Amino acid sequence: MTDLLPVVVVHGGAGFVPKERMELSISGVCAAVRTGYAILKGGGSSMDAVVEAVSQMENNPAFNAGCGSVLNIKGEVEMDAIVMDGKTLASGAVSAVRNIANPIQLARLVMDKTSHAYLTAEGANQFARSMGIEEVPQESLITEYSRMRWRKNLAPDANPVECQMGKAGTVGAVAVDLEGNLACATSTGGMLNKMEGRVGDTPIIGSGGYADNQSGAVSTTGHGETIMKITLARLILFHMEQGRSVEDASDLGLACMQSRLGGLGGVVTVDPQGHWAARFSSNYMSWAAAQRDIVHYGQYSGEHFTQSIN
């Protein structure tokens, strides 16, 4: 074991965030990373840490996940989430789920309590009921901000680029625990004004996230349709398997997505030794990491602040 362990890194989504929402986003990722780190320092597993960190961001209306999710074309919330365990390669995912406060916890139950890796829509909701997960009214997941963006984007003269601006981001986390086990978790409300039933990269294994004790763990954010086409999380781990550093591998994956498809996004990445990176090709991504009792965080390219965990 190295003295770099344990470590947890989270993101609050890549893309455009209006100035007035930036502070909410950065304070949200810092709070989530502290929660995940406390679990790791207490001897908890990387899976417990990433699920708890992401649950906290799902409960924060500043992010496009859980109670801050964007709305589909009908003005409804449909959410996607994935978890993956690097030790066993076990994975659980859900997509197009409704009326669930914490889809990431449902994804973990799919991994732990079924022989499947992925449940969708009504089937996922039925499974949630069978597990005793309380359904919440859809209204409780819809913020005034999400409704305002939805209305604006329905206008016939809405600009498609402007449409995706102002969307808070997908949330995700990666971690390595004291035993050297890796995990990832990613959760999202998807894309603003998406078609009903649209599923992006988040719940797709190898796209929205991947974890393998032998190579590393990645959680992604950005334009889902392009992330899926290059299986971004797995592509980054491929580069790490070829001997690239976490930073280089992350940059190579994002550069490929941009050059081949014009897609922008961001990632948080860790390797089994505890080296980590938060990299993005978009203008902005809120991120935070905790390691050796120091919190690291930033939002813009090249930005890197630190503070003591205490």
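The backbone N, Cα and C atoms fix where each Cβ goes, glycine too.
Here the structure is a predicted model, which means the values were calculated and not measured.
Look at TrEMBL and you will find THR170 tagged as active site, nucleophile.
Here TrEMBL flags ARG198, VAL199, GLY200, ASP201, THR221, GLY222, HIS223, GLY224 as substrate binding site.
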Among ARG198, VAL199, GLY200, ASP201, THR221, GLY222, HIS223, GLY224, the record's substrate binders - longest CA distance, Å: 16
Give me the CA-CA distance between THR170 (active site, nucleophile) and THR221 (substrate binding site), in Å, as a whole number. 6
Other CB atoms within 10 A, centred on HIS223 (substrate binding site): 21
